[in-house]
Amino acid sequence: MLSDDHVNEIIIEVENVSSGVQSHPSSNQIFQEKVLLDSSISMVSSISDIDVVDSQTVSKRNDQKGNQVLQFSTSLNESMSQTLHSLECMGIDTPGSSHETVQGQKLIASLIPMTSRDRIKAIRNQPRTMEEKRNLRKIVDKEKSKQTHRILQLNCCVQCLNSISRAYRRSKNSLSEILNSISLWQKTLKIIGGKFGTSVLSYFNFLRWLLKFNIFSFIVNFSFIIIPQFTVAEKNTLQFTGLELFTGVGYFRDTVMYYGFYTNSTIQHGNSGASYNMQLAYIFTIGACLTTCFFSLLFSMAKYFRDNFINPHIYSGGITKLIFCWDFTVTHEKAVKLKQKNLSTEIRENLSELRQENAKLTFNQQLTRFSTYVMAWVVSTGVTIACCAAVYYLAEYNLEFLKTHSNPGAVLLLPFVVSCINLAVPCFYSMFRLVERYEMPRHEVYILLIRNILLKISIVGILCYYWLNNVALSGEECWETLIGQDIYRLLLMDFVFSLADSFLGEFLRRIIGMQLITSLGLPEFDIARNVLELIYAQTLVWIGIFFCPLLPLFQMIMLFIMFYAKNISLMMNFQPPSKAWRASQMMTFFILLLFFPSFTGVLCTLAITIWRLKPSADCGPFRGLPFFIHSIYSWIDTLSTRPGYLWVVWIYRNLIGSVPFFPSILHVLIITYLYWQITEGRKIMIRLLHEQIINEGKDKMFLIEKLIKLQDMEKKANPSSLVLERREVEQQDALHLGERDSSLDLRFRRSVQEGNPRA
């Protein structure tokens, strides 16, 4: 039964609303009043379901409330018609049906209390045209400004801040749209992902990511090292023959390509012009490039780790993509087909992983498989050790070999052998899949990556030992330039072998599989081997950037050509993976391998070069110094004589100059940043779960409203059934009252008998 307090509350609210209707209420007020009306009607309609004790009193109260609700609904309809008329005057298309009108008012009322960012996202997600979205945003902004001026009367500073923040968001969105429109190979990557899946796509994404790295490094080196050197460079008297493109010697020796060409003097044009210290510029520019690469690797690794290992969307089965993921703004025929391929590939990947996770093996099968894995690891480790020994002995005798052979092509012997090993051994490792037969394709790629990284990084480590101990201490005139030439030849030879493998080797494997041995079929793209080629080349670039500042430019050209070569070979010679699998976490593993051991090994090599080796006496910007780092020491001593720069001297001597500073600060930065990314990922998970709870509550309210509307429609359609229900309720109430009277009479008799046993 409805209490008197509830009735009084409804009467008060109706009086307040009726007084507000005359003053043209806003859409937010209309929404609140409509909700109050629905609640009051539901309360009134629910009276028939309550146990009736005094039917006459209830009927009188129902008549009173019905009259009040009728008056309120009349005034509310008048106010809504006025609001709709104003909306039509402002350019908003209002639907004719009352249901759609109420939905539009609810939408506007729900958008007004939101923040600016949430409001923009909500309007963007509406299934409307762009013109409708713009008009809707104008209406909401106008209503928001009216409400804000009516409540708070914002001052000029707050309005200025709001306009600045709005302009910043718009410029940010415009900039992101421009960057997405000029992004490299966007359409090509979509085609690759739709046909071959995310596993093959991860290789091309990694290649594009490395290309951005080298573009940045080249711009920095060109701006602060190469351009200043051009201003004081002497004319090159050597003749260009074309063979220098393969050997890196001859004409290139006296150019800005190598370390030995750069001057050690302070560049100054005119007596009053600003001076430019080439020693400090050289070492600080290389240090800035490597520091930026370090933080970029750390940031990218943490970002991909958060997106692919922490956020909850990766643990979903991907079934929602089958039902809810279609973008209805895609209308072009080719774009629709590409979208369909992408969706079908992702669904196959998710279903394949679910099926593979449920597979179980017996104990004998597990024992056999474990023995196979151990034997494969023993063989692969033995092959790696043998290859490293061959490279070591060849490098030991390389200097003597070059002294006894005057042929210009003799310098290509070491790069040729190393490139042959890097091409043949990974192909041999890839054949282990026929024996190991991993259930999860991801595990197979991880194992191949680990084996290949052990091989390639071991070879690079042996070459670094050869350069720092043999070449640097050999007494050559300019040993830094010799190391730069060796690295250039290794990089160029590796690129030539990769192109030959793409156009010849992969084509031959396709011919063999299609015509000679048809049981093999088309081969599958070897992700591990191709990714390790990129990591190996980038490691050489980072090591050689100190000895050959133009290496990032050559790496840019090679990566650009390699993308198109691999894309053509992929479309012609390979088939999609036979076992579809989701490779969302592969990019994280690629960057982890690039960071450790590749980049950390580069930092160790360059640290030994700068702190422990003596520069050449006749070439390079550090000629005449006992160590490379002494240029920094001299600069600090100069600053110590100037009172305004004593704080720089204190920071260097107490922080940067201390021995445990760099290792400790690097560990602290890495651990802190990773923990921060984990925390951010958990916050995102909590926010998504919270939004899910809110959406479930909204779904329940929506279903309840639909159910109430259906009940009202049934009552309007069958009024006779409503009369019958009321009669049944009254009969049930009468029976309840009779049972209650009889139970009271029975209790009274029992009490009398207990009080007077004789009766």
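From the backbone N, Cα and C atoms, a Cβ is placed for every residue, glycine too.
Small disclaimer: the values here were computed from a predicted structure and weren't measured.
Database features (TrEMBL):
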type	residues	note
TRANSMEM	209-230	transmembrane segment
TRANSMEM	280-299	transmembrane segment
TRANSMEM	370-395	transmembrane segment
TRANSMEM	410-432	transmembrane segment
TRANSMEM	444-468	transmembrane segment
DOMAIN	478-584	domain 'TMC'
TRANSMEM	539-565	transmembrane segment
TRANSMEM	585-608	transmembrane segment
TRANSMEM	656-676	transmembrane segment
On the DSSP side of things, how many residues of the domain 'TMC' (478-584) fall into helix, strand and coil, could you say? 79 helix, 2 strand, 26 coil
Would you confirm whether the transmembrane segment (585-608) and the transmembrane segment (280-299) meet the contact rule of 3 or more C-beta pairs below 8 angstroms, pairs 6 or more apart in sequence? yes
On the 0 to 100 scale, where does the mean pLDDT of the domain 'TMC' (478-584) fall? 88
Report, as numbers and ranges, which residues of the same chain sit near the transmembrane segment (209-230): CB under 8 Å and 6 or more residues beyond its ends. 184, 256, 261-263, 267, 276, 278, 281-282, 284-286, 288-289, 292-293, 296, 300, 534, 538, 541, 545, 549-550, 552-553, 555-556, 559-560, 563
Taking a Cβ cut-off under 8 Å, which residues six or more beyond the ends of the transmembrane segment (280-299) line up next to it in the same chain? 213, 216-217, 220-221, 224-225, 228, 262, 542, 545-546, 549, 591, 594-595, 599, 602-603, 606, 610, 621-622, 628, 631-632, 635, 669-670, 673
